[in-house]
């Protein structure tokens, strides 16, 4: 489908906000005696976590989880499957889930349930982009980069049909008729 990309959040705005998020996260966890582990939900959050982890000024670990709720189609089945599980044990650690974008929150809510069973000391969420008007479940997001309207976004790791992850900014996809 033909489309164009309109810049919504510039590379400079992303850099400034990621730096601020790093400072907020550092402040929250700097006095904790328990380790902090950042968990990136792949694939979309890989660029965000790469930049964010360098802005957090306390010792931390990083791990990755890949989930799927789409089966073979483009509509979520609601059944969350873990494609790649964590390598690290999160028992008694401060866990910070790092997301690229949160809309309905259904998949994230199920991931939270799975991780809670592993008894972390704390479980928090950081997202680059939040679409609060799309929320279908009640979840508390501790750190939000940008609240955005319900529009299709790409760039900075977020894709459209596996394209546009490389863009250094967040852009809105405008479909042409």
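Cβ atoms here come from the backbone N, Cα and C positions, even for glycine.
Over in Swiss-Prot, the protein carries these features:
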- 103: active site, proton acceptor (ACT_SITE)
- 43, 44, 165: diphosphate binding site (BINDING)
- 99, 100: Mg(2+) binding site (BINDING)
- 99, 103, 104, 105, 106, 107, 108, 131: IMP binding site (BINDING)
- 99, 103, 104, 105, 106, 107, 108, 131, 159: GMP binding site (BINDING)
Close binding-site residues near residue 100 (Mg(2+) binding site), where close means Cα within 10 Å, chosen from 43, 44, 107, 131: 43, 44
Close binding-site residues near residue 165 (diphosphate binding site), where close means Cα within 10 Å, chosen from 99, 105, 131: none
Rounded to the nearest Å - Cα separation of residue 106 (IMP binding site) and residue 99 (Mg(2+) binding site): 13
Other CB atoms, at most 10 A from the CB of residue 165 (diphosphate binding site): 17
Cβ neighbours within the same chain of residue 159 (GMP binding site) - under 8 Å, at least six residues apart: 43, 44, 165
Same chain, 6+ residues apart, C-beta under 8 Å of the C-beta of residue 103 (active site, proton acceptor), given in sequence order: 131, 134, 135, 150
Cα separation, residue 99 (Mg(2+) binding site) to residue 107 (IMP binding site) (Å, whole number): 11
Intrachain C-beta neighbours of residue 99 (Mg(2+) binding site), sequence separation six or more, cut-off 8 angstroms: 41, 44, 45, 108, 125, 126, 127, 128
